[in-house]
Amino acid sequence: THMYNIYCKLILLMWLMMCVVDKSAFVSSAQQGEVESGTRRKIKRLLSFQRYCHASRLLRGLVPHTPGSLHLLDDDYLGQAAHMLSKVGTWNFDIFLFDRLTNGNSLVTLMCHLFNVYGLIHHFQLDMVKLHRFLGMVQEDYHSQNPYHNAVHAADVTQAMYCYLKEPKLAEQLSPLDVFLGLMAAAAHDVDHPGVNQPFLIKTRHHLASLYQNTSVLESHHWRSTVGMLRESGLLSHLPADMSQDMEQQLGSLILATDISRQNEFLLTFREHLDNQDLDLQLASHRHFILQIALKCADVCNPCRVWELSRQWSERVCEEFYRQGDLERKFDLEISPLCNQQADSVPSIQIGFISYIVEPLFEEWHRFTEPSLLSQTMMGHLHKNKARWNKYLSVCTMLLEQ
Ligand SMILES: *[C@@H]1O[C@H](CO)[C@@H](O)[C@H](O)[C@H]1NC(C)=O
Ligand SMILES: [Zn+2]
């Protein structure tokens, strides 16, 4: 791999030299600027290809974001953040920018805004101080050192969930309770994620694995942590006990649905409902099922975003996998699938993820929405992004075979 690495760089270097030499030899000076910028573009593109061949060391140090470089009280940034919130329902919403403008408070800011939009504070007679305390705890309990499973991912999933709740097929049918639970589950669904996966926790005999008996270990932890914070903040303490208990249970059922190993179970049921056309959104149980599916979609919707956003999520998730792989190597454990930086490239991981997880789920969602404008947009991005990763992959393979 090391030799291949050097080889790759050599080929790249030769190609760059050829580019520069043959272009400048016969181009008039008037065209020079244009060609130069064209060449620079080509070089940039090639560098980005090469980046994905083994890539992510280059990203190391770039990916972890350090909230706090902006001042909380900077009116200009907050003004821009407020302006962004006026477009929070648009699919190309840039959550990374929003997180910077809110000084790393994207999750709290977004949730407060959406609760206001839906009038949930009034409807459930929520105490603003308790709500802030609860949301602050949730945001804090995400690990900002995780390249992927951090509070920005939670905010991103919440924003996607909001877009799905607004789907014409769904919006009219949803009760305030549905909306409340949908948003809460999205915001908290990965809370206190350790940045490693369940097999890692099992094989290192982590206490969470034995606590939850090796099944839905992370998802159970996200849910129980959320319940703990709900009770500690007293957010629901004014409600009748059976109501707050029901809310906790429903939150659990939503968060546990994000366990990817249960994807087939959900997909088969969803497909069956669509084939039989027997979904009745007047029924609370059917609405709950659709909320589970919507949350699952929101959780894996990265490849359905516009390329510039999608690409950043891809790099982040792979970086998190590679870090787990590095830990496994360091402790002489077997390296988990997708976590080997030398063997698993960003494009190949993304193509697998899209083909086996994202496409099957979104094809059914697309059907469910009959298909909505948003669904069509998402499918468009999904296909374009997949084609792009395939192109990167073939360039990597070509370089490898030369
Ligand atoms: C969980 O997995 C570990 C490692 O495979 C095993 O030793 C343990 O008995 C399992 N625990 C349960 C409750 O299945
Ligand atoms: Zn997630």
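Glycine is treated like the rest: Cβ placed from N, Cα and C.
What TrEMBL says about a protein is an automatic prediction, not a curated fact.
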Further AMP ligand in TrEMBL, beside H149, N150, A151, V152, H153, D190, Q350, within candidate set D127, D242, D299, D326: D299
Cβ neighbours of D190 (AMP binding site) where a neighbour is any other Cβ within 10 Å: 25
Number of Cβ atoms other than its own within 10 Å, given for N150 (AMP binding site): 26
Shell list (Zn(2+) 1; ref centroid = CB of H153, H189, D190, D299; cutoff 8 A): H149, A154, V157, A186, H193, H222, T258
Spatial separation of Q350 (AMP binding site) from H149 (active site, proton donor) - C-alpha basis, Å: 17
